[in-house]
Amino acid sequence: MKTSPHRNTSAIVDLKAIRNNIEKFKKHINPNAEIWPAVKADAYGHGSVEVSKAVSDLVGGFCVSNLDEAIELRNHLVTKPILVLSGIVPEDVDIAAALNISLTAPSLEWLKLVVQEEAELSDLKIHIGVDSGMGRIGIRDVEEANQMIELADKYAINFEGIFTHFATADMADETKFKNQQARFNKIMAGLSRQPKFIHSTNTAAALWHKEQVQAIERLGISMYGLNPSGKTLELPFEIEPALSLVSELTHIKKIAAGETVGYGATYETSEETWIGTVPIGYADGWTRQMQGFKVLVDGKFCEIVGRVCMDQMMIKLDKSYPLGTKVTLIGRDKANEITTTDVADWRGTINYEVLCLLSDRIKRIYK
């Protein structure tokens, strides 16, 4: 899918806000730690290449989800270290080694397959993944970790790091977080040798668990100005949302009482009503669940009426407006604001998902 440059729906990304958020984190966390931002999933919908280039001087490296995301950054001349957080197929490790991309080693079985490849492994860097309670990828005992270190040393693979990921660092109840912390620390204490990087701090841990002293802080959603807990925990300092979502009115009409709007005729007017059409729909990541939610027109809340279509949706206006009038879906307009978390709460999901679902059809504009 290609971006639609001629379509009047845009995500406005404030790169200065992202830089400012990182600067605030640098004052909050361990001063000796390096920040490695998570720019996976196209930097949570903000644009991985643009974000990476904008903050490169502030960070030690970057974290991505898969090898293709890492290759994209290298192809756009991002030279800082890159760590792939998910496992990759062993057949592709030579690509990572050639491009100086560090890989997650999720298991001894995976590493055994890697060393069977006819590849030059001396340039390969690995971070052993530890499953301390997330249940996703990673080893669960120190014996397997030490066998992996021994195998890496035998084949001259650079055992660069070891890490885990906390499942509940953004929750008020710290019981499971502390259990994971204890499991990870136990494995660290039993390692045959320590790597350069030991890291477990994600955004939530950096915000609310400063006792974590790490070489790397993996900064994610809050770099983009959002609270990882939604509205559960209060942020220790103010951050600025970096993305706003705007469109325009492309069609306006007055319809009589008793008329219906949208697929399924799910909305019926009770009086003469001004209806505006906005060029965004579920193919753009603005899902059908948004029926009944609000947008902002001239600083006023306007209801989304009828089912959201694939490419367009309809809103109830308080009066007639000129074609091209701005419609704010996420962001501030005059005295009112709609946040990404507001959208997430309406859908019954999290702010991460709202951003990541914004499709490539929505052009990104950087300031």
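Each residue, glycine too, has its Cβ placed from N, Cα and C.
DSSP assigns K40 (N6-(pyridoxal phosphate)lysine) to a helical segment in the three-state reduction. Annotation comment: Swiss-Prot describes K40 as N6-(pyridoxal phosphate)lysine, evidence class sequence analysis.
Residue density at K40 (N6-(pyridoxal phosphate)lysine): 20 other Cβ atoms are found within 10 A of its Cβ, drawing on all protein chains shown. Here Swiss-Prot flags K40 (among others) as active site, proton acceptor, drawing on sequence analysis.
Other Cβ atoms within 10 Å of the Cβ of M310 (substrate binding site), summed over all protein chains shown, number 11. As annotated by Swiss-Prot, substrate binding site applies to R136, M310.
Around the Cβ of Y263 (active site, proton acceptor), a 10 Å sphere holds 12 further Cβ atoms from the protein chains shown. The annotation active site, proton acceptor is assigned in Swiss-Prot to Y263 (among others).
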Excluding near sequence neighbours, so keeping only residues 6 or more apart in the same chain, what lies with its CB under 8 A of R136 (substrate binding site)?
H165
